[in-house]
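Here's what Swiss-Prot has on this protein:
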| type | residues | note |
| --- | --- | --- |
| BINDING | Asp37, Gly94, Lys95, Thr116, Ser119, Ser125, Leu127, Tyr131 | NAD(+) binding site |
| BINDING | Asp171, His254, His271 | Zn(2+) binding site |
Amino acid sequence: MTSVFKSPSTYVQGRNVTTDIGTHAESLGDTALLVADEIVMDMIESDVHESLAEAGLDGSSVVFNGESSEDEIERIASVAVDEGADIVIGAGGGKALDTAKAVREEVGGAMVSMPTIASMDAPTSSLSVIYSEHGEFEDYWYYEQHPDLVIVDTEVVAAAPARFLRSGIADGLATWFEADAVAQSGGDNEVGGKPTRAGHKLAELCYETLREHGAGALDAVEHDAVTESVDAVIEANTLLSGLGFESGGLAAAHSVHNGLTQLAETHDATHGEKVNIGTITQLVLEGHSDARIEEFIEFSVELGLPVTLGEIGITNPEQVDLDVVAEAACDEAETIHDEPFDVTPAMVRDALLTADEMGRRVRDR
């Protein structure tokens, strides 16, 4: 049995660290390409390029169009080659960062991950989630290299809408349940080996941190405030969840998310919002007690996370083809098969409907 743990080379988190990116990146190369959508570009472009210039680095920018699709990756890779970039900086949300990772894989050089929201655990990982141009999950692309640098400006993250931090909490909560399932099944993690004890414990620490600080952090960011709880939750959503899911492993929750993306009705829900439905579904699949499942649903409701299919856009579950979701969740390449028992599409469909009913009952009582 071979256990594997991998991580980024450097992780930096703090107030206003955007202006320090040049200091941290100067040893990585000579010419940087900033990849971000228009909103993020307006927020950080001048600070990033000023810091790069102060460190003696050349820099240029390209606007990310919104989907981490194969076509978008090819387009931006072409820009990187034309600009002679040997550092790719991905800034923004998970899809921008995953696109930047894929571009680095194609053109070589170094990669800097610069999340402006703490809505997911993509910043630290060595994989990209690939979607169609219409937002449907297609594949995971795995890489040998992690980001060389992850830099998280807590001022920027706290100023983003609270929904993003809330979404990241949902993604982070799933990390523990999935890593624990993989540990029980003896399955593989996301970096090519069996989970390490460190990966498992980091996933558990992520869960404990979010339970302890989640509500307070959400209160703070409603006022764009950075507190100890905000710092703790940003680290949990980004670093602990990222290391925990890669080196601990994924199971049913993210497979259910991937299945849900097949329905256009869910495309306005964030990654984490769909994952939260996946977590409740996983708990049902695994046969946890009603009390355990209801306790998780109650905490989700306290944080404002979705606990029913209606809250992620599926207003009439009985009239929607949930078999499409279940079949996609059980694709042979999916991590749902790292659960400690065999899972079938019929089981997933029934668990989704049961999770939805339990969520509605607990939310409305």
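Positions of Cβ are set from backbone N, Cα and C atoms, glycine also.
Projection of Swiss-Prot feature records onto the structure.
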{"residue": "Asp37", "record": "NAD(+) binding site", "Cβ contacts under 8 Å, 6 or more apart": "Val63, Phe64, Asn65, Gly66, Gly92, Ala96"}
{"residue": "Gly94", "record": "NAD(+) binding site", "Cβ contacts under 8 Å, 6 or more apart": "Ser68, Pro115, Ser119, Met120, Ala122, Pro123, Val129, His271"}
{"residue": "Lys95", "record": "NAD(+) binding site", "Cβ contacts under 8 Å, 6 or more apart": "Phe64, Gly66, Glu67, Ser68, Val129, Tyr131"}
{"residue": "Thr116", "record": "NAD(+) binding site", "Cβ contacts under 8 Å, 6 or more apart": "Val40, Met43, Ile44, Ala91, Gly92, Gly93, Asp153, Val156, Val157, Ala160"}
{"residue": "Ser125", "record": "NAD(+) binding site", "Cβ contacts under 8 Å, 6 or more apart": "Lys101, His146, Glu190, Gly242, Phe245, Glu246"}
{"residue": "Leu127", "record": "NAD(+) binding site", "Cβ contacts under 8 Å, 6 or more apart": "Asp98, Lys101, Tyr140, Trp141, Tyr142, Tyr143, Glu190, Glu246"}
{"residue": "His254", "record": "Zn(2+) binding site", "Cβ contacts under 8 Å, 6 or more apart": "Ala174, Glu178, Val275, Gly278, Thr335"}
Cβ atoms near Asp171 (Zn(2+) binding site) (within 10 Å, other residues, all chains): 32
Sorted by sequence, non-Asp171, His254, His271 residues with Cβ within 8 Å of centre, Zn(2+): Met120, Asp121, Ala170, Ala174, Ala253, His257, Gly272, Lys274, Val275, Gly278
Packing count at Tyr131 (NAD(+) binding site) (other Cβ atoms within 10 Å of its Cβ): 21
Secondary structure of Thr116 (NAD(+) binding site) (DSSP, helix/strand/coil): coil
Other CB atoms, at most 10 A from the CB of Ser119 (NAD(+) binding site): 27
Collapsed DSSP category at Lys95 (NAD(+) binding site): helix
